[in-house]
Amino acid sequence: ITDKRGHPQKRENTSWLDDRCLSKYQLNTKEYRTSDCLSVFFSLSLSFSELFEVNHIRTIYHMFIALLIVFIISTLVMDFIDEGRLVLDFDLLVYAFGRFPIVISSWLCMFLSTLLVPYGLFYQWESGHRASKHRVLRLVCFGLLFMSFQMLGLGTAPVYIVIHYNLPPASRFIIILEQVRDLSRCTEELSEAGLQQVPHFSQYLYFLFAPTLIYRDNYPRNPTIRWGYVVTKFAQVLGCLFYAYYIFVRLCIPLFRNISREPFSLKVLVLCIFNSILPGVLVLFLAFFSFLHCWLNAFAEMLQFADRMFYKDWWNSTSFANYYRTWNVVVHDWLYYYAYRDFLWLFTHRFKAAAMLSVFTVSAIVHEYVLAVCFGFFYPVLFCLFMCFGMAFNFVLHDRRKGPVWNVVMWTSLFLGQGMLVCLYSQEWYAQQHCPLENPSFLDLLKPRSWTCRSHS
């Protein structure tokens, strides 16, 4: 089995697959579920792990570490000049991850409810379904119970917690992203419930921790656990966290904390967007490397989960269609098999463009929901970029666009998009702090505060 560039990849226990499944695997790299070929997981190595074996690529990694060291030195020097002493309080990190005991207890409650409630409901439904004389009524009752759990237990409770306790942004991200993950896995379990028997409890427990959103009774497993590798990956996650701290301290906060005191003009907005490109791109790289590479790989190693295709070589994409497929394979596979394919099945494999639009809409709504709850304000910048420019680029920069020039176009678009996101969301964040409203109406909550906030204090 080879990847798109023809590099050989490991294959494990694939002798029982027919040629058609293997051919689909070669075309799609990871084929999970088709009409006649079940979801297949393979023992695959990870792209960055292979790239870091090349000295030239490892040097780029070292350059990012050197940049972090420069950020640290410059911050220490500036603090020493301003304060006359070394300042090592990391107040921004302390604020962002504040009230962490509430986060831990909330996560534990969400995990236990996701572990026990869906499994218990499906176990009770499956155990008496065949012998029941009222199968339809039984199915409706258990379905309503399951949907009630999704809406109240996983849908409403996490939002209530982050708002009631007024959690800071990073703490909110932990709870809300866990909420989205649990809802995705419960939806996947509901979709698969009619295709197979209820899994063993140990299999379901493994699935809740495994770095995938696609359930299977068995996954390819590695024979050993490299604990040194696990420690290294978690250390890299911690390093990325401090890297992000210095990016915000050195590049973002000085740029935005006084911006609401300046008169608005098109020149100020344009300069703000271009000045935000560097921190935006660095945060994009850090989010990708820390979560999709380090975090998921660490859990995969601890669970001996052999399929490490969490992403592909998205940086080589010459089309946005390929970028969307390769940036986050874990989420893309879930959207493809439980949104796109189900839409096509519902409309008898017609309206493929409408199916793609529906997937874009679902993804954009979820992304904007996460940002709105975590930042504490509604400002649909990401939604507009996703639905307008993202959809347009998906059709204009399609897979037939080849050549290095299209890769340059893709990167230029990403840079500008990251600059707009960081600029506009940061402006709105500080506008919310500088211009609070007393007893705001519902329309006031929907209207961006940065459009009118001009503080003179």
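Glycine is no exception: its Cβ is also placed from the backbone N, Cα and C atoms.
Predicted automatically and left uncurated, TrEMBL annotations should be read as such.
Database features, via TrEMBL:
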| type | residues | note |
| --- | --- | --- |
| ACT_SITE | H367 | active site |
| TRANSMEM | 60-81 | transmembrane segment |
| TRANSMEM | 101-124 | transmembrane segment |
| TRANSMEM | 136-163 | transmembrane segment |
| TRANSMEM | 234-256 | transmembrane segment |
| TRANSMEM | 268-292 | transmembrane segment |
| TRANSMEM | 343-362 | transmembrane segment |
| TRANSMEM | 369-393 | transmembrane segment |
| TRANSMEM | 405-425 | transmembrane segment |
Spatial neighbours of the residue listed as 'active site' that are distant in sequence (at least 6 apart) but have CB under 8 A: L382, F383, F386
For the transmembrane segment (268-292), sequence-distant contacts whose Cβ falls under 8 Å of one of its Cβ atoms, 6 or more beyond its ends: 48, 64, 236-237, 240-241, 243-244, 247-248, 251-252, 255-256, 259, 262, 310-311, 327-328, 330, 414-416, 418-423, 426-427
Spatial neighbours of the transmembrane segment (343-362) far in sequence, C-beta under 8 Å, 6+ residues away: 335-336, 386-387, 390-391, 394
Leading stretch by Cβ pairs under 8 Å, where the reference is the transmembrane segment (60-81) and the options are 101-124, 136-163, 234-256: 234-256
Positions whose Cβ lies under 8 angstroms from the transmembrane segment (234-256), at least six residues beyond its ends: 64, 68, 71-72, 74-75, 90, 92-93, 272, 275-276, 278-279, 282-283, 286, 289-291, 294-295, 298, 422, 426-427, 429-430
